[in-house]
Structure formats: C-alpha cells, structure tokens
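Enquirer: Got a structure for you, written out below as structure tokens; questions coming shortly.
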Amino acid sequence: MAAANAPVVMREVLTVSLFAFPTPFTKLVLGPSSLEFRSDFEALPSIGINSQFITFTHVTMESDKYICVRETSPQNSVVIVDMNMPMQPLRRPITADSALMNPNSRILALKAQIPGTTQDHLQVFNIEAKTKIKSHQMPEQVVFWKWITPKMLGLVTQTSVYHWSIEGESEPVKMFDRAANLTNNQIINYKCDSTEKWLVLIGIAPGNMQLFSVEQQRSQALEAHAASFASFKVVGNEKPSILICFASKTSNAGQISSKLHVIELGAQPGKPGFTKKQADLFFPPDFADDFPVAMQISQKYSLIYVITKLGLLFVYDLDTATAVYRNRISPDPIFLTTEASNVGGFYAINRRGQVLLATVNEATIVPFVSGQLNNLELAVNLAKRGNLPGAENLVVQRFQELFSQTKYKEAAELAAESPQGILRTPETVAKFQSVPVQAGQTPPLLQYFGTLLTRGKLNAFESLELSRLVVNQNKKNLLENWLAEDKLECSEELGDLVKTVDNDLALKIYIKARATPKVVAAFAERREFDKILIYSNQVGYTPDYLFLLQTILRSDPQAAVNFALMMSQMEGGCPVDYNTITDLFLQRNLIREATRFLLDVLKPNLPEHAFLQTKVLEINLVTYPNVADAILANGMFSHYDRPRIAQLCEKAGLYVRALQHYTELPDIKRVIVNTHAIEPQALVEFFGTLSREWALECMKDLLLVNLRGNLQIIVQTAKEYSEQLGVDACIKLFEQFKSYEGLYFFLGSYLSSSEDPDIHFKYIEAAAKTGQLKEVERVTRESNFYDPEKTKNFLMEAKLPDARPLINVCDRFGFVPDLTHYLYTNNMLRYIEGYVQKVNPGNAPLVVGQLLDDECPEDFIKGLILSVRSLLPVEPLVAECEKRNRLRLLTQFLEHLVSEGSQDVHVHNALGKIIIDSNNNPEHFLTTNPYYDSRVVGKYCEKRDPTLAVVAYRRGQCDDELINVTNKNSLFKLQARYVVERMDADLWEKVLQPENEYRRQLIDQVVSTALPESKSPEQVSAAVKAFMTADLPHELIELLEKIVLQNSAFSGNFNLQNLLILTAIKADPPRVMDYINRLDNFDGPAVGEVAVEAQLYEEAFAIFKKFNLNVQAVNVLLDNIQSIERAVEFAFRVEEDAVWSQVAKAQLREGLVSDAIESFIRADDETQFHDVIRAAEDANVYHDLVKYLLMVRQKVKEPKVDGELIFAYAKIDRLGEIEEFILMPNVANLQNVGDRLFDDALYEAAKIIFSFISNWAKLACTLVKLKQFQGAVDAARKANSSKTWKEVCFACVDAEEFRLAQICGLNIIIQVDDLEEVSDYYQNRGCFNELISLMESGLGLERAHMGIFTELGVLYARYRPEKLMEHIKLFSTRLNIPKLIRVCDEQHHWKELTYLYIQYDEFDNAATTIMNHSPDAWDHMQFKDVIVKVANVELYYKAVHFYLQEHPDLINDVLHVLALRVDHTRVVDIMRKAGYLHLVKPYMVAVQSNNVAAVNEALNEIYVEEEDYDRLRESVDLHDNFDQIGLAQRIEKHELLEMRRIAAYIYKKAGRWKQSIALSKKDNLYKDAMETCSQSGDRELSEELLVFFIEQGKKECFASCLFVCYDLIRPDVALELAWMNNMIDFAFPYLLQFIREYTSKVDDLVKDKIEAQNEVKSKEKEEKDMVAQQNMYAQLLPLALPAPPMPGMGAPSMGGSYPAPPPMPGMGMPPMPPFGMPPMGSY
C-alpha cells in the first residue's frame, strides 16, 4: 500500500533526554492511524544486558511495571528493570533457574533446581524489606510458572498445575492434571479469569491449550496457540460475562485455516448471554509460516490484540469479533507480551531486546473505523465503550432519530452512554422537560435521570435539576441515598437548594462542592467556630477572622478566647493583629480573658511582643496585682518596659517586684526601707542581685533607719552573701555601728568555714562582750584557728568569772605554767584542783613544777598529788622533782602506788633510785624487783657502784651496757661467764670481732674458766659455733682438743668429733688422717664428702672404705683420682653390681665401649641402654651391641631396644635374624626402623620391614632405589598416594620407563595441585611428546578437570600449535582461559588468542589483538561482533583507522554497527583528515538523524560537490545544526538555480530576510520572495517588494503579494500604490477582505462595551447589597475603649515606645473600610 494512503504510517522519532545523550526510548507513531506504538527501550542491551540472555527462558515481564532478566555470565545475576526508571536497572548476584517480579510490588520469586535431584526450590523475597516471605521445595520440577494474581503463583509441572499463595503458611495446592494433548509441549502461558474460576494452560508446537473449570473440576482440550480471558457486559445483564478468546492455526486436507474464537464461559441461566463469535486471521503470503504466540485483551476499549511470532499484530473488536487493524510492529520475532492496563494496550519484547508498547490512538481510531472501515455501528460502540472522540455527529444524529420516534428510553440510554458526555447537556435536559407527560406513564425526564443513575454519576446541572424535583416532592431521603452512593455532583447551587430543607445535608454538599464561603457561614451559624479554622486551613481559604471573633465575643467570651488562640496557632501567623484582638477584649472589660489570650500567645517571649508584654502587666497591676505578681514570678517575659512596670509595682505595693525592676540606686534606697511590707527572705534574695557597693550602701541605710529592727535582715544578708560582700567589709559595717551582737551572729555562721585567726578571735571577743560565756568556752575548746597567745592575753585581761575558757586555751596550746601561775596568784586554787583532777591529769607534773617554783606549801602539793594518784604520769613527775632535787617528796606517793600493786616501771625506777641513794640493801632490790628498768637503774648505778650496775644489766640482759661497764672496769671473768651463759650468737660475734681490743682477754677467760666450768652442751656448742663464725680455727682446734681428746665429759660427742675433723680439714689438713684413725664416732659419709670437696681424695677414700661405702669409694677412684685400673681392681675385690655399674659408666665415658659393655653385662645393668646404643653405633661395634641388647630385652620391653636390635642385625648383614625377629613377639616401632634403614641406604632390610608392615608408599620408594620399577608401580598402586605416585613417576621418567611413568602420571594429574609439578618435571627433561601423550590420555579420565585441559592447551601452544585451535574450540568451556591467554600471547598465536579473548568476554583485548595482528587474527564478521562489545571508547576510533588503512571497502559496514556508540563528529574529522570523506557517505546519511553539526556539514559539502540539490534541500530542512550562513554564502553564486534557491532558503531560515529576498528577486523566484516577506513580519520589506513588482510590471505578483503579506501591508499604502499605478482592479480583492475584517472587529468592540457596562452595573448592585449587609453590624461595635491603630495607620513599631493613640473622630475608631470589614463575598 502506498505510504500516503496507508492507514498506518510508521516513523521512528528519537527523543533526547535532559542529560544531553540519546534516551533509550524510541517512539513509533503510526501517523493518523488507529493505533500508536512506542518502544520503551531502544534495546535491552543499551542498559547493559547481554543479547544472549534476551530469550524466553531468561526474560520475564509479568506486568507493565517490571522486567526481570536472568544472566548466567560473567557471573550469575538477576537484573530488575523498573519501567519508571529504565536507565537505573537493579542488578543482584543471584543464582536461579527462573526469576519473576510481582505484577504490583517489589516482590521477587526465584526458582532453582536442587543439585542431583529433579526437585525445585521456590523462594519469594521482598526486595524493599530485604526479607524472605515464603519458600517451598517442590517434589517435581516446575517447567513453567507465572504470577496469575498479585498474591498467587501458578506452577506447572510435567504432570500437574498448582496454585501457591504467598500469604500465610499454605503450601502449593494442586488445581488439575495436564491433559494428554499437552504432553511434551513447551508451556508458554498460563492464565486465570478475574473470578479465578476458569484456568487455561497454553502450549506451543503444535499448539494446544487446556481449559479448566474450577467449579466443575473439568478440563477441555483445545487446539490453539494463544488465549486470554475477558470480562464483557452484555446488554440486559447487570452481571458481566466471562469470555475466553483464543486464536488457532490448523491444517485440514492441506488447507491452512487461522481463526479467532470468542466464547462465553458459564452462561447465566435466564439472563441474556454472549453470542459465540469467530473471525478469520488473514496472514499475508510472506507470513505463511507465522502463527499466534500471544493474546492480550484491552478491557478499556474491549479490543483483542493477537500477536504473532514474526511481529504481526491483529486487532479485533471483542463484542463483534470484527477486524479493526493489522500491521507488522516488529521486524524481529516477539517472544513475550504483557498487558498495559493503564493505557489499554500491551507491551511486547522481541529478540533484539526492544520493548514495544502498543495502544489505541484515541484521536483517530473512531474516524478510522467509521471512515476507512466504513463501520459506523462499530465506531459508535467503540466511542461509547472507550469514551473516545470522533463519533459526535453520529451519536447526535442517532439521538435525534430516537427522540423523533418517541423512543425516549433508548434516547436516554444513548445520551447516558454518549462518548465524552456530548449529549449530557442542559439542552438534552430541556429537551426531555419539554416532552408532555402522558397519564399513567413515567415522565421522560425521570426516565432520563433514572437511566443516568443506573449508569453512573450525574453532572452538576443534572444533579441540580433532579434535586429540584426531589425537593419539590419532599423526598429528602432520596437525596441522602444518592449522596451516600456518590451519584450526584455537588455544587454551591445544589447546596443552596438543599439548605431550604436540611442544613446538615447542605453543609455536606457545600464541603464536597468546595463552596468555602458557604461552608464558613454554615459553621458560624452552628457555632462550630473551631471547625472554621480547621476547614479554612484545609482548603486554603481566608475568611474575615475579625468579624468572626467579634461575633463570638458577643455571645461566649471563653469561646472567643479559644478561637483567638486557634488563630494564633495558624500556619503563616495570626491573621489578626494580637493588639487588635486584645483591645476587643478590653473594650468589653474582659480583663481575665485578655490576660489569658496574651499569656498564651506571648509564651515564645519574642522582642517584637514587648508592647504586648508591657500591656498585659499594666492592666493586671492596675486591676489584679496578684495576677501580675504571679506573671512576673513565672519569668515569662523579658522584653517589656521595666521602668514603667517598676513604678506600677511600687504603687501597687509589690515592693519586691519594684526592687527587681528598678535600676537606679536612689530608687532602690527609697523602696528598700519598707521592710515592714517586704518578706525578709525576698529582701535577702534581692541583695544578691546588687553590686557589692550598692548592697553595702543599702545595708547602711537599713541600719541607720532602724538598727534594732533591721539587724536580723542585715545579719542574714551578710551571712548569705559574705563571699560577694567580703567578710572584712561586713565586720567593718558592724564595728562601725558598734554592734557586737550583729558581729556575734554574723561571725557565728561564718566561723565553721573560716580558718582566719583574726575572725575566730573577733568572734571570741564579741561573745565575751555579749556575755556568751558558754560560746566562748566552746570555741576556745573546739577551734584550731585562733591566735592562742593573743586569746590567752585577752582572757587574762578580761578576768572572766569563769576560768574555763582560759583553761581550754592554756591546756591546748601549752600554757600550763602560765595558767598555774595565773590561778595561784589569783587564789583560784579550786580551778587548779579541777584542772589536774578532771581536765588533764597528764599535765599535773607541770602544775607541780610551777607550784614548786611559786613556793607553794608541800602539804598542798602532796595533797594534790595524792588526789590524782594513778592518773598522774609518774615519769614526768619524777623528772620535775628530780630536776628540782625534791625526789624524796615523792617517797610516800611511790610507796602508796607499790602497796596498791602498781607495776609501773617508772614507779619502781624512782623507788630504786631512792633505795640506792639511801644504800638500803640495794643488791636485794636489784635482784628481786622484777619491774624496774635495768638500763635506767644500771645507768644510775655505774658511777656509784659498777658491780651493782653489772647486777642490774645481767638481770635485764643489757648486753651492750654490761660489756661496756666490764671493759671499762676490767671485769673480764664476769664478762666471760655472762657471754657463755647468754649463748647469744650476736653477742659472741660482737665480743669476738677483731676490732674488740679486749678479745684476747675474753678468749683466755672463756677457755680457762667459763667453758671448763660449764656443764651445758648447749653452752659449749654455742661457744664453738661462735669461734667458727669468727673464723678462729686455731683457737677452735685448741679448744676442741682440750675438750675431745683429754677425756672430758664431751670426749665421745658425735658433733664435736665431726667438728674437730672438719676444722682440721679446713685449717690443718696434715692432722686429718690422724684424726680419722683415732676417732670413730663421726659422720663418715658427710665428712667424706667434705674431704672430697677439700680435694683430700685419699682421706676421703679411706673414710668411705672405713664405713663400707664402696660405691662412693669407687666414685672417688674414678672421678677424683681418675684411676680406672684401681677401680677395676677394687670392683673385682668387692664384687658388687653397683660398683661394676659405676666402672662401666666410666669406661663408657672414656670410649672403652667393648669393656663397658662387658662391665654392664657383669653388673646386669640395663638402665644405660640409650647411652650404650649411642656409643656402640659411634664405635661401630654392632656385634657387642647385639649381645648387650639381647641381655637388655630379657629385662625391659622397650621399642627402642627392639628397634636397635633389628638395626644392628641389618648393619652386620644378618637379614635372616631380622625376618625371624619380626615374626616373633616384639615391641619395635617397625615404621621408624624401616625409615631409618631406608635413610641409611639399607634398602634390602628396609624392603623386608615395609613389606611386613604393608607400608606400600615406602616400599615403592625402596623398590625405586633398588631399580625394581614394576614392583614400585604395583606398590604405588596399593599406596594410592599422590606423593608416592610422583616419586615413582619421576624415577621412571629419569630411567626412561615412560610406559610406567604414564601409568603413574595419570594418577597424579587428576590432582590439580600436582599437575603443574608433573608438567614441569617432564618439560625440564625434554620429554615433550611423552607429556602431551600423558595429558591426552588424561582427557578421558572420569576425574579430568580444567587444569588438564588447560595444561594440554599450553603444551599445544608451545610444542604442537597446529592442534591448538581445535583443542580450544572443543573444550572452550573447560579451559582456564586467562592462563591460556598468557601462553598464546607469549607464543604469538594471535588467532587463537583472539578467540580466547572473545570467549572470556575481554572484547577490548580481542579487538586490539585483531587490529595489531590482522594478517593472522582478522575476520570481518568476527570483528563486527567484537567491536560493538568493547568498553574502551577509543577502540572505536582505532577500528576506524584500522579499516581505513586495511579494509576501506568494509568501513561503512563497521560504522553502521558502531553508529550508536561513536562520536560522529570525531569520525567525520578522522575521515576528513584522511581525505576519504566520500567513502563514508552511506554511514553519514544513516546517522544524520542525530543532527550532528560535523555530519551535516560534511554531507552538505558532498551534496554541493555532487550538485544533488534535492538531498541538500532535504538535509537543510531536516537538520539545522550546521554553519548556515557559510553554506548559503558558498552556494548563492552557484551556477545551478536550485542551489541558489537553497541559499535564499537558508538565508530565510537564518533571519537574513533582505539577502534571501534579494537572491529570490535576482532569480525571478517571486513566490519565494513573497513567502519570505510574509514570514519576516517586516512591513518595510513587504512594501518594498510591492514597489518592486510595480516597477517590474508584475501585476499578478502585486495582487498575490497583497494576500501573502496581508497582515503586514498597510491598507493606505496598498491603495495608494494601486491607484497611482492603475492597479485598482488587482487590489480590489484585498480591499474587500480588509473591509470585512474591520467591520467584524467593530461589531466585536461594540458587543464587548455593552457587556462591560452590564458587568459594571451588576458590580455596583452587589456592592450596595454588601454595604447594606455590613451596616447590620455597625451598632454592635463597643465604645468602651479606643481601638488600637491599624497596620499602616502610623502605629509604632514593636521595638519602640507606645504612646497612646490620638483621639479619632466618630466612635474612636481609626479610618478603615466600613467597620473594618473586608468584602463579605457571598455572605
């Protein structure tokens, strides 16, 4: 069909996005046709989806919201494309066999087969919440699944169909079994109807479907390729019918028949049903093999869309099955469709990845059906069903026919269903109203309204007319029902009508109609003022708030406050000034209400509210001071006029508030003296707000006014703010007024926290002067900070009647003598007795001493002492008396204490001194008295009698004192006896130290007198130890010989004999042997060891031999004397095993291994077998070792022993004994023994061991060492260890046993980690062919892995390149491509390298390799496939250069492939620089639609050179992005007329009108010149062209120009030129047109003026009515207070002062619109 006459014209429009790059949306607009198509994606690959995954098994689209693509390389992932954001696909790493997005929400269903089974695991996830909703494991494989509803999945297996709800915990429910006709069919769709009672399963090849009824549980098999359910409402049946539509293509007797069937399912008994329909599907001859693959039904337009595999679209009417349209919508096969319910069309995806959207062109489909198809009935039905334009005349004509035939019901139904409501007009209602009502019949108007109510909702006019009828009949309930059912369209007029019968219902109508003024008025009438604000805020209406507030205020002040507060909380601020609202309350003397309002709105405490803050405080200070006081106490405000408020507070008697607000000192002084009316605590707190100077000034004033009355306040203030005021300043203040009482109270509170001595003293002084003696006594007792000297002097001068304060001071600070002297001289003896007895008896000695100094009578002193008795400290008392030589004064006191049983050391010391002085048997006292201090008394006796001092010191063990006095008086015998008796090591050390000059005299007395006299062993032992400690060996030997050898009591003493020998060993070794022979009772072992340590080896040997200690004796011979011969001789003599054992060990140490082994055998000693074995191995004496080990085995069962025995047998080549031994019971660790034999190259013995223990791995290694390779392979097979296989394999390779090596190698290369090692071993030894043979054999292994295939490829690349490509192609999926890529690159196998790059999706490297090594790697088709997939954009241009240099004949083919990816400007620049621009002309023509400047200019240049003006004109028209002026200048002088015409056209497009017109005139192109003038809009150019035509005599052109430039040419100029040049006839048509136009304009102006006058009159009438309405409220305005100034009337700003407004004329109101009311609108 010719393009001009085609009902469908297709052209591609490429839109441009806001991001300056082509959007992926391609729109296919099918001209003025009935349908419109749009490709929502240029191609899925453009958003990163590989074309290999655009298949039926990888792509799903369950609705018009999401597309889901499953990718399996380079990694498994699922791509979700949101149709609202197609350029932002969501890619998630998910492995699944299928993925479905929910039709409505972001819910993803996944299906994956469980490995090793035929079961499928189903999971459903919420992507947004990132949670799993549900999962289930199907017992059989799911071959197809689909969302049949947003909450239900349909699952199709090989045998059955299930439904699985994603809600709850339910499992899939089996619905029906698959029919036999679907066996082995691929399932392509599964659907259910809207009621979920009918199900259809559709298969492909040959095309069958199964229809199933859920209610009847029955199936029907049908032959069809596509099917879908629809819902259709049949006339006369209120319930919609369920239809199934299916398309089939069958072959019968060689005839192919394609049909569309529409059948009703489950017809309703007794109701009109849908008549079965069928229609032919006509396939063009070129599409004979095509068949339907999908069907979608538009419920919006009741159309059936049948889509075929090859992209044909058939459109049929659902009601009549009439063909509406057919066209091919895709050149590529379509494999997936889904419904686009919102637009009444469908989406389709083809193999190229395009996503197409098909829908009805609402503007053209009805005219197309009525005109092109000539089907008027179908056109009308389409228009009615889809509410489509284009059938207006038909519908109106039909309505008129029905009305004229008095078929009012049919006419009403037609009007109700008229498309776009063209008949639902007031004229139609009037037409029905004009029909006379027949008696007994329903009025046509009511029939019309009844029909409309059953079909839907009435419009505003219809609702008003119907309501008027109902209201007149007083049937309000009908209105309520219709409104509840939303059958009426609410309007203000309808509300006015209903208001006459029901205000509540009218309010609902007003709200729905958004008649805001009427709603506000209704709320005001109902006194629901709070709802006014809520409603106004919701609808954005601004009522007259001031009027509303005044209205509420008159009836309910509290409600008015609430309303005002609600206004204050409105968004955007309060619509009425706060001050105005406040004055409204004050005008009615509503102080409390005004206060409440202001307190609420002023809570934010803003600076701009300063005036209102002041105002609310003023009115309350005048009327309700307590309220004002509470407001100020809350601290709500901080911006009011403080001086003003301070004055009002003072007048109101709120002195504290006045003080808080005054800022001047005189004001404060004036107010502060009113202490009678001020709370003391408040006044004290106020002082805390004053500065230090002002506070002191005010305190002085208070003391001056009333010292006694205000003293307590001043004291409290000073206490509270002592830190701020300064303690010194407060003290000075009190001292200035000589107020010791104030000072006393002030300092009393501060005293506990002060450490100032002066403050403590002043407090004591103030307390004393105010008679507070108890406080003086307490402070002097407790305080630690007053000056004691100063206080003592003050108290002595004050002569208080109570001496306790002075006693406290003197007792605490050491003034007891001064106190005693003061009390004694002032005859206050009672206080002396009280002090000593009760206060501090410990100071009695000081008191006694001072009394003695004051010559007090002894009787008083003795009595004082006796009164204290035991409480009196004796030592200081004795010291005081002894210092004054009056010690005898205490005799009676001391004896009294002793008689009372006193054990006080000082008492007995004093008494002893008195006895010594009186020489009254002092020795008896010193020896019998246990209580005195020996040092004190001894010291007292030294000068009087040294022997008494020794007695005292001995008694008290005063060592140092006794030594000193005996040395001083040469009493060494006494000293020696004392030292021996003391047995004190420290004392011995002291007296025997070399520094003691008297040591020799003491030693002589000890040896000659003290020790011989002693009978105590302990004393002797202590003395001996002391001599030893003092290192006096010779003296000690002398002493011991005298004691031990001279028959003393201690001659046989064990310890002394030991000591004598040991001392001799140390001091006189020659005497030792004599002492050994003479003495018998000593510790032989110990002394022997000491002798060894002293290197007296013979003496030690003699001692051990004397005491039969043979082992120690032989050890001395071996270790010290080092004579093995003597030791062997000694061993033969004693014949002890232990001795032989020691000898054997020594022989072993000396390397006499054989002798040692013989000695060990004699000793029967197996304990040293470790050392023996080690020594025997070092000495290689395995024959002796065997004898020893056989002895040892009889006594111990050690693996070491048995193992060493086997090893020894092996070393002496006794293999038979080894075999016999291992067959006998033994505990040898044969594994370790075998390893040791192997390590020592004893392979035959090792072979025996490994064979016995079945260690095949080690046996294999051993056999390799023995060159027994076949046996080694057999052993390795049994070991089956990778390491063993490798060892045997490598040994076989080295031995060139390649057959055996291959057997081993096949067991190695199946391990990935060992493969490379084997390969390297073969290659390093040049065994390339054998290695390749090994790898080729490995390919057939069951466990062959990627490494084997890869390694073989590497070997082929290196050594057999001719086999490489075949290997790569056969096993490309099993190769490690990156590794093979590196090898191919190294070996320069470019063709294979390119193939690997492509397989690995490294298209950049593939393209680079092809271009760099084109002789080997280039293939045109392959390169085209690669270059479009590269990521590096620069490779595109490198490819252009490459083809330009090597394959210029194919460059356009490559550029067409890259057209969507390259920068066209850059390509053109490349070709221009190369000089081959003509070569890419086809490419530039193909991409010129992008309107790129470089492309346009290049093509234009070529067209000019080729003189192809048609193409040039088309290029200039369609593509304006080029240098227009440059092109025009270039061709304006071209020899071809058409070229020059194009130049003029370009000038016209560029706005260079004069140049364009001049060029057109030059070439006699007068039509072009006239059109240019008309488009320029330049009157001067147009008139110049007229003159030109007159000058040229072109009368026809003159007449044409008048009409072409009609809007630009002035009539007078045209007439003048025509008249002057005799062309009136040619100008007359223009003149007629001009007169007609101006006449119409005048008529319109007159009409507009009349309408304006009528409108002015109407407005004047409305204003008069409004003024009359407003006057009703004038009398309601109060006269109580003048109103505040209005905004804009000179009111001061918030931050300034607020003078009273000047009096205004009239009622005191400022001028404003009438009564301050804005226009009331509809009020």
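Note that Cβ sites are derived from N, Cα and C of the backbone, with glycine treated the same way.
Copied straight from TrEMBL:
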COILED    1635-1669  coiled coil
DOMAIN    362-385  domain 'Clathrin heavy chain linker core motif'
REPEAT    569-715  repeat 'CHCR'
REPEAT    718-860  repeat 'CHCR'
REPEAT    865-1004  repeat 'CHCR'
REPEAT    1011-1156  repeat 'CHCR'
REPEAT    1160-1301  repeat 'CHCR'
REPEAT    1306-1452  repeat 'CHCR'
REPEAT    1455-1598  repeat 'CHCR'
Enquirer: Can you give me the average pLDDT across the coiled coil (1635-1669), rounded to a whole number?
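Expert: A mean pLDDT of 82 is what the model gives the coiled coil (1635-1669).
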Enquirer: Which stretch, 718-860, 865-1004, 1306-1452, 1455-1598, tops the Cβ pairs under 8 Å count with the repeat 'CHCR' (1011-1156)?
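Expert: It is 865-1004, which has the most Cβ pairs under 8 Å.
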Enquirer: Report the DSSP secondary-structure composition of the repeat 'CHCR' (865-1004) as helix, strand and coil residue counts.
Expert: 106 helix, 0 strand, 34 coil
Enquirer: When DSSP states are grouped into helix, strand and coil, how many residues of the repeat 'CHCR' (1455-1598) land in each?
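Expert: Within the repeat 'CHCR' (1455-1598) the tally stands at 112 helix, 0 strand, 32 coil.
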Enquirer: Looking only at the repeat 'CHCR' (718-860), what are its DSSP counts of helix, strand and coil residues?
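Expert: In the repeat 'CHCR' (718-860), the DSSP-based counts are 112 helix, 0 strand, 31 coil.
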Enquirer: For a three-state summary based on DSSP, what are the helix, strand and coil counts in the repeat 'CHCR' (1011-1156)?
Expert: 112 helix, 0 strand, 34 coil
Enquirer: How many helix, strand and coil residues does the domain 'Clathrin heavy chain linker core motif' (362-385) contain under DSSP?
Expert: 17 helix, 0 strand, 7 coil
